[in-house]
Amino acid sequence: MVANGHFFAGVGDVLDGKNYEHGVQVVDEEKEFNPNLSNYLTYENVTPAGFNYHLISVFGSQSTGKSTLLNSLFGTHFSVMSETERRQTTKGIWLSKNKGLKSDKGQDNQTKMADNILVMDVEGTDGRERGEDQDFERKSALFALATSEVLIVNIWEHQVGLYQGANMGLLKTVFEVNLELFLKDKRSNPRSLLFFVIRDFLGTTPLQNLQNTLLQDLNRIWNSLSKPAGLENSSITDYFDFAFAGLPHKNFQPEKFVDEVQKLSTRFCDGHRDPNKTDAKGTGSIEGGIFLPEYHRRIPADGFAVYAEGIWDQIVNNKDLDLPTQQELLAQFRCDEISREVLVAFDEAISPFEAKQAEAVQAGNPQVLGGLGSAMRNARMKSVKNFDTEASRYHKRVYQMKKSELQDKIDFRLKALFLGQLSAAHRSGIQEFTESVTAAVKAGQKRGASYDFAEIVKKERKLAIEKFEQEARATVVEDTQWSNYQQELSLYQKDLEIIGGQLRRDEMRRLATRVERWVRSRLGESIDLEFNAIGSGRSGSGAPEFGDKPSEKSLWDRVWTLFIDIVLDAERRFTERASSFDASIDEVDVGLWRLRRKSWGVLRAKIDEEMMEGNILLKLRENFEDKFRYDDAGVPRIWRPNDDIESIYTRARESTLTLIPLLSRFRLSETNAPPPLDKWIGHTPSSATPADEEDLTPIGGVDEDEGKSLEEEMTMIGEAKKQDLTVRFKKTADGVYVEAKRSAIGGITQVPLYFYGLLLALGWNEIVAVLRNPAYFLLLFVCAVTAYVTYQLNLWGPIIKMTEAASQQALMEGKRRLREFLEASDTGLQTMAMSEGRNAEGYDMSNMKNRKSAGGYQNNRSHIDDADDDDDF
């Protein structure tokens, strides 16, 4: 919209920057409010001013020069009436910011005026266009009074003393609507300044006289008003202050008009009441400018457009205008707007941290976010500060309520971040605590030195708590209740205690495992020695270095004693190491109870290993062979035909057979009963957990639910296995016996006595030659000494045995090669066939003879063959 060649923002215009250059139409002649008012205030940089702005409205009859006065006084460009026409120019309500006023000397009076003066040009009254329709007149007056600090009444000097000409009808309307407003807002009781500018002032009538005339007329109008209850005795000066100024004729005295306008403009600045100077009412007189703080409607500049629109909406819809309610509604609206704007900046600062935290939680790996605490504090401080800066100007109760709501929104999100940060610190702290303790324990184990597990846990726990508190303090936001992290710290400490206890139990489990391995090693060596002694039936083999061979009957006594001693030593080691873990008595008791059960399992597994069929049969055979092949002195026997092989064989076999029932049951020789395993292990400790029992092997006679008795637990070889061992051992023993018998029979052949005489006669010359030759004699002497030493060492038997074995092997090899040679030729095959025929014819006689000479040897042949097979296995 263009007025006087200048651009204005009209209602409904499509706007760009130049439309706001000289002002804006607030309300058009059709009573439509301009929604672009806020854009104009932003364009003029008034919005950030807060309360540092002033609003002036001008009233007066149509075509009396109101717009001209404003343009001259404030440098605005409101539309003015053409000098060639007499018609309405200002339609509706217009608003423009003061543009400054240049003096003739080039000085800028803007430096003397207050900042951000908004000038509102109101449509003139008593115009022919509206005639008797005073609705817009009343509504515009109410709007101006509700929003403006200063109401300029533009009248001519010759109109003073008139009713309509002096706008007394309009002022009566102003007073009436003012009473309505004040009735709604008795607490604040806002005041306004009625500034009468008397145009075409000649000076003939003093300004003071004109002032008195106007005040008398105003008081008369005020007294004639029908006042609400409680305001019957109120005075006009309770609600209004008055100021007066005269201006010369613009056309007849242009230079003087300009000078007076410049002087008048200097009054539009901030003023104050001087309590030392009182006016007729008894209040302090106004000093300085005309803008007093009590005139200001206390509507921040950024909310003025919304406030004005709300006021006009109430007015145009003929609703009772309630300024406090409008101020509250404005405060709610603006506080919500400011809150949203503040939250945008808050989102930019906090959303990245929320996204990172949510992503880490979704990935199952919460992370401690660096810089979160400072970001939270800065974001909250800036948000609240920015809100306070913008919103604290509005209604205090609404401002406080909206501030609390904003803080709740901010704190809700910050609390979630805070708790997420503590949760991540909790989880990472627990993990680092576990890893640190484990690493320290491994380092102590690698050094080979003893380490104090309790001290390690105490040290790492202290470091973990310090780190958690450091993270928590770094994330704390001051002046917030939710920043108290003592509950989370207490929970963290409890979890550290739980994890520390779990690590201690795990370490005790590992200690128990190491002790168990130590027990297994010691038991393995000791039990091997005891069972190896069973495999030797001769003195010296399984006997100690000094003393006699231990009795086979006391085998289980020795095993039990060794077992008890080793486990007691292990318990001592376990208790000593457990003391460095700061373990409780209950935990030590559970550990010892588990150690005893595990140790019995190790012993039983070792015994079962020794009792395997192959192992026990081998030991029985070795025991029998030692008793059969060696004499009581441990010397190997050389079987001769006159030896009582049958008796020796029977004694050795029966002695070895007694081991099978002995080994079949774990019994102590003194009591002939199983050892007190149930009492030795003891009852299950009351502090034992299911986890302590889940990896334990049930033990008969100890665990009631196992269904096995102690006698069954101590049975090492079942009846079926005993019988099988007996049969197989006898077969093995029979084979050894047959071998011995063959050896004795093979030595029956003797050299005839005449052979020695023949040897002496035929070898006499050689004997004499040897005796006469020193070399031969020396060789003979050495051979004789060697034979004597061999005899003294009782080595002739083994030498002969080895010689016979070598000769037998050579004979067998010769026979094999001869057979291969014969099979390779036709003549050899014919000779072998003839030899086999003769052997078949004489088989019966030879077999009969063998039966007679061996005394029933043929009846035992099958047993001998089976024994040979077992011996080969």
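Cβ coordinates are placed from backbone N, Cα and C, and glycine is handled just like the others.
The GTP binding site feature in Swiss-Prot is assigned to G60, S61, Q62, S63, T64, G65, K66, S67; the stated evidence is sequence analysis. With a cut-off of 8 Å between CB atoms and residues at least 6 apart in sequence, the same chain places G124, N154, I155, W156, R199 near T64 (GTP binding site), listed in sequence order.
Long-range neighbours of the compositional bias 'Acidic residues' (691-701) within the same chain, counting only residues 6 or more positions beyond its ends whose Cβ lies under 8 Å from a Cβ of the stretch, are 590, 594, 597-598, 600-601, 674, 677-678, 681, 684, 707-713. Annotated compositional bias 'Acidic residues' per Swiss-Prot: 691-701, in sequence order.
Annotated domain 'GB1/RHD3-type G' per Swiss-Prot: 50-308, in sequence order, evidence recorded as sequence analysis.
If you look up Swiss-Prot, you'll see 677-701 (among others) marked as region 'Disordered'.
Feature annotation from Swiss-Prot assigns region 'Disordered' to 841-873 (among others).
Residues or ranges marked as topological domain 'Cytoplasmic' in Swiss-Prot (evidence: sequence analysis): 1-750 (among others).
Confidence across the topological domain 'Cytoplasmic' (796-873), taken as the mean pLDDT and rounded to a whole number, stands at 56. What Swiss-Prot lists as topological domain 'Cytoplasmic' is 796-873 (among others), and the listing cites sequence analysis.
Residues or ranges marked as transmembrane segment by Swiss-Prot on the basis of sequence analysis: 751-771 (among others).
Feature annotation from Swiss-Prot assigns transmembrane segment to 775-795 (among others); the stated evidence is sequence analysis.
A simple way to gauge crowding: the CB of G65 (GTP binding site) has 21 other CB atoms within 10 angstroms, across all the protein chains here. Summarising the environment of S61 (GTP binding site), the number of other Cβ atoms within 10 Å of its Cβ, over all protein chains shown, is 20. Neighbour density for S63 (GTP binding site): within 10 A of its CB lie 19 other CB atoms from the protein chains shown.
The local packing around Q62 (GTP binding site), expressed as other Cβ atoms within 10 Å of its Cβ over all shown chains, amounts to 19.
Every protein chain shown contributes to the tally, and the Cβ of S67 (GTP binding site) ends up with 26 other Cβ atoms within 10 Å.
Under the DSSP three-state reduction, S67 (GTP binding site) is assigned to helix.
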